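To start, the structure itself, in structure tokens.
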Amino acid sequence: MHFVAFSTLTHAAIAPTGDHLALLSIKSMITDDPQGVMASWNHSITNYCQWQGITCGSRHHRVTILDLSSNGLIGTLSPSIGNLSFLRVFRLQNNSFSGEIHPEIGCLFRLRVLDLDNNSFTGTIPATIMNCSNLEILHLGHNNLVGKIPDGIGLLSMLSFLALHVNILAGGIPPSISNLTLLETLYLANCQLGGSFPDVFQRLTNLRTIAVSGNNLTGEVGVPFEPSFVICTLSPSD
């Protein structure tokens with residue numbers, strides 16, 4: 001009886017959890033790791049909270065931070081990222097990830113920081129991003145994303161930083177952006193956006209930095225100019 005109970009507890013302690021399996025799936029889709037940062041992501045270290053780039057919460061021992069930025073990684077992003085349901089910070093900037101940003105990213109309703117800047121992601125910005133209602137920083141700049149900026153972007157009411165610059169987007173700036181009243185920084189430069197500037201910027205009273213040049217936008221940017229503003233590259237492209 002005691003042996004069986006001990007065996008059961010031991011098995012439970014080392015059995016892969018949802019976070020564990022999700023991380024292994026993420027690793028499996030990385031095709032090149034020049035700095036060897038994924039070496040610790042293996043079964044010899046059964047506590048994934050000790051893997052490089054991982055931070056876990058002290059209470060539930062779930063992954064809360066995944067930071068693999070600036071490691072020269074090449075690969076695609078596994079849809080299993082959506083299973084890291086306690087994730088609050090996800091940083092993947094300055095690598096060479098390609099492929100789409102899967103809609104499963106919208107399962108991360110606790111996410112506060114999503115930084116995929118300076119990769120080679122393709123496809124559209126997933127509409128499911130609107131489900132990440134706690135996002136404060138959304139950085140998708142310097143990729144190869146196409147399509148329109150989702151109208152649901154305006155549901156991310158906690159955003160203070162939004163960067164979509166240097167992509168291959170279509171359409172214009174969605175009027176729903178006026179709902180981002182906490183926004184301080186907006187980078188939309190060199191996105192191939194068209195149409196006229198929406199008459200919504202007057203509501204963005206916390207805005208301090210805005211960059212929208214290198215597009216085909218017409219009209220004027222109506223922003224509440226104040227001495228505290230730092231306005232950069234406002235003029236549309238010629």
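Heads up, residue numbers simply count up from 1 along the chain you see.
Placement of Cβ uses the backbone N, Cα and C atoms for every residue, glycine included.
TrEMBL has this to say about the protein:
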- 19-56: domain 'Leucine-rich repeat-containing N-terminal plant-type' (DOMAIN)
- 77-214: domain 'Disease resistance R13L4/SHOC-2-like LRR' (DOMAIN)
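Panel annotation: around the domain 'Leucine-rich repeat-containing N-terminal plant-type' (19-56), residues 62-68, 71-78, 80-81, 83-84, 86, 89, 96 of the same chain, lying at least six beyond its termini, place a Cβ under 8 Å from a Cβ of the stretch. With DSSP states grouped into helix (H, G, I), strand (E, B) and coil, the domain 'Leucine-rich repeat-containing N-terminal plant-type' (19-56) comes out at 13 helix, 6 strand, 19 coil. Here the domain 'Disease resistance R13L4/SHOC-2-like LRR' (77-214) has, by DSSP, the following mix of helix, strand and coil residues: 28 helix, 36 strand, 74 coil.
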